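A.B. asks: Got a structure for you, questions after.
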């Protein structure tokens, strides 16, 4: 069976989940966010907890160090169900093939969201340490052929309006985190383009600026990163590894952090990353994603029924 798998991703509340549900109405198999795992499966609500840690830090009832530890712990919990699902499904996907898909699976986020993108945004705004970011990013799993990741984009004002209108229990609007996330997802797109062009981070390291506190503060306040046709190293995720905490006195990465970037190259290179504007209606957005499928990679699998069973089991337990 020829299978097309699409990961819809991006900063929260862009409309990706609604778009994915519309695609499911057209016959796609939809894998929702594992909201139950985060909010109701255990004694603690991870979504509310990660916001509560920042509130307590701001009002002085929790130290910055303790808040960072709580946030890193909660961020790891966000990643867990994605990693478990990815580990289960990866062996079921075969080599790339030509021809139209016979099954389309639409995932609400790729593991890169919880292991790399959100941790980096949290590092930018000061919610977690550089060490926590590197540790979480190191858990990003490898990607077999056929990974098509579509990053949702949205006008900044409309994005903030949607976020304020959502009002999920335990959440609050964090404009700095939202700005950081928008920058980080632009970095993800640029990373894919940088790697696809054949460039190597070691060749450009010396020309990239430091990812110091001033740079991070700017990324939390201003939308500085945008998808570029020919990005520089500082426009990519690799630029974050030039944080002073991760380098020696001369600005060179410690060897273990160089290994971390090499691993990131190997894991992200197989992903085909594109963008889509989710400003229009959900039906128009779903059609826009569908229009991109002609350029996406399809894989062969002898386990179509098993994939469907796994997705149904995950959805019944983790969806809300």
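Glycine too: its Cβ is placed from the backbone N, Cα and C atoms.
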A.B. asks: Please pick, from 161, 162, 164, 176, the residue that Swiss-Prot records in the ATP site together with 10, 11, 12, 13, 14, 15, 16, 17.
C.D. replies: 162
A.B. asks: Taking the mean position of the Cβ atoms of 10, 11, 12, 13, 14, 15, 16, 17, 162 as the ATP site, which residues outside that list, in the same chain, have a Cβ no more than 8 Å away, listed in sequence order?
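C.D. replies: For the ATP site, the extra neighbours are 152, 154, 159, 278.
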A.B. asks: According to DSSP, collapsed to three classes, what secondary structure does residue 162 (ATP binding site) have?
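C.D. replies: SS state of residue 162 (ATP binding site) = helix.
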A.B. asks: Name the secondary structure element type, per DSSP in three states, that contains residue 10 (ATP binding site).
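C.D. replies: Looking at the DSSP assignment, residue 10 (ATP binding site) belongs to neither helix nor strand, so coil.
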A.B. asks: So if I draw a 10 Å sphere around the Cβ of residue 10 (ATP binding site), how many other Cβ atoms end up inside it?
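C.D. replies: Taking every protein chain into account, the count is 26.
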A.B. asks: At the Cα level, what's the spacing in Å between residue 162 (ATP binding site) and residue 75 (substrate binding site), rounded?
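C.D. replies: Computed Cα spacing between residue 162 (ATP binding site) and residue 75 (substrate binding site) is 23 Å.
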A.B. asks: Of all the recorded positions given, namely 33, 51, 75, which is spatially nearest to residue 12 (ATP binding site) at the Cα level?
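C.D. replies: That would be 33, nearest by Cα distance.
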A.B. asks: Can you see whether DSSP assigns residue 33 (active site, proton acceptor) to helix, strand or coil?
C.D. replies: coil
